[in-house]
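Quick look at what TrEMBL annotates:
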BINDING   GLU120, ARG121, ASP178  S-adenosyl-L-methionine binding site
Amino acid sequence: MSPTPLYCAEPARRDTAHRLAERFALPLVRQQPTEGYWLELGPERLELRTNGKHGAVYAEFVEGAARHRREQGGGRGQPVAKAIGLKGAKELPRVVDATAGLGGDSFVLASLGCEVTLLERSPVAAALLFDALERASVDLDTMDIARRMTLVHADAIQWLAAQAERPEAERPQVVFVDPMFPDTDKKSAAAKKGMQAFQQVIGDDLDSAALLAAAIAAATVRVVVKRPQRGPAIEGVKPSAVLEGKSTRFDLYVIKALRPQA
Ligand SMILES: C[S@@+](CC[C@H](N)C(=O)[O-])C[C@H]1O[C@@H](n2cnc3c(N)ncnc32)[C@H](O)[C@@H]1O
C-alpha cells in the first residue's frame, strides 16, 4: 500500500504538520489530493479524508461519543471492562492495547482508571491517535485520562516479544487485541466509517495468529480478543472462555490455564 499523504492548508499549523510528517514518516504534500485517502491537518484536528464515500475520520477523546461514554458510560459492568477482568478487581491491571486503532477501547479502559499502553503500527492511525491525545491532554475533563494513555508507534508482535523477556512484574498483565479481519461483518463495518476507511488505507491484519501468540507469551494474567459476534476465533490457541455482548464477542485466554507455571 502506498503511503498516505499529509496535507495542511493552515499557515499557523505548518510546523505541527512538519513534526507529524517526520514522526510518522508521512509524505507532506503542498496540494490537497483529489483522489484516494489523505491526512489533513486543519485548525482544530488531524483528519483522514477522502472525496465522496464518507466524511472525515479522526480519533476523538474529548467530544462526541467519548464525552457520552465518559458521562454516561457503563462503568466496570460494561462488556469490555468485564472482559479484561475489572469487575470486582481489587487492583487495576496494566493493560496493553496491541491494536489501538482510533483508541476507542483504550479510552474506555483508561477512563475506568487503567494505565494503558496503546500499540499501533499504522502511521496513519498512530498520527490520528497522537493528535487526539494531544487535544485530550489539554482539556480539563480528559487530561487525567490522557495521562494514563501512552502511545507507542510499533508493531505489537515485535514489541510484545521484547516484553516476554522481561521480569514478570514489569510485563503487561492484560493484552487486548482487536484486529481487522477480512470477514468483518458487513453491516457493522458499513456503520463504522472509521473502520471502513481503515480497511482501505491499512488493509486487513493477516498476521493475527502471530499477534495472539506474542500476546499470550507476554501477558501475565489474560489476553482478550474482541471479535464480531459470529466471527471465527483467531487461529491457534483455543479461548479459555467466551463473553458474549450484543454485537461483539470477547474471547478470553487465561494465562494460568494456558501456562500453569506462570
Ligand atoms: C480494528 S482496529 C482496532 C480498533 C480499536 N479497538 C478502537 O477501539 O478503535 C485494528 C488496528 O490494529 C492495528 N494493528 C493490527 N495489527 C497490529 C500489530 N501487529 N501491531 C500494531 N498494530 C496493529 C491496525 O493497524 C488497526 O489500526
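Including glycine, each Cβ sits where the backbone N, Cα and C put it.
Note that the coordinates shown come from a computational prediction; the quantities given were computed from them, not determined experimentally.
Features recorded in TrEMBL, as mapped to the structure shown.
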{"residue": "GLU120", "record": "S-adenosyl-L-methionine binding site", "contacts (Cβ under 8 Å, 6+ apart)": "THR99, ALA100, GLY101, ALA126, LEU129, LEU151, VAL152, HIS153, ALA154"}
{"residue": "ARG121", "record": "S-adenosyl-L-methionine binding site", "contacts (Cβ under 8 Å, 6+ apart)": "HIS153, ALA154, ASP155, ALA156"}
{"residue": "ASP178", "record": "S-adenosyl-L-methionine binding site", "contacts (Cβ under 8 Å, 6+ apart)": "ASP97, THR99, GLY101, ASP105, VAL225, LYS226"}
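Under the DSSP three-state reduction, ASP178 (S-adenosyl-L-methionine binding site) is assigned to coil, being neither helix nor strand.
Note: the S-adenosyl-L-methionine site is recorded as GLU120, ARG121, ASP178; in the same chain, ASP97, ALA98, THR99, ALA100, GLY101, LEU118, LEU119, SER122, ALA125, ALA156, PRO179, ASP205 also have Cβ atoms within 8 Å of that site's Cβ centroid.
Whole-number maximum of the Cα to Cα distances across the S-adenosyl-L-methionine-binding residues GLU120, ARG121, ASP178: 13 angstrom.
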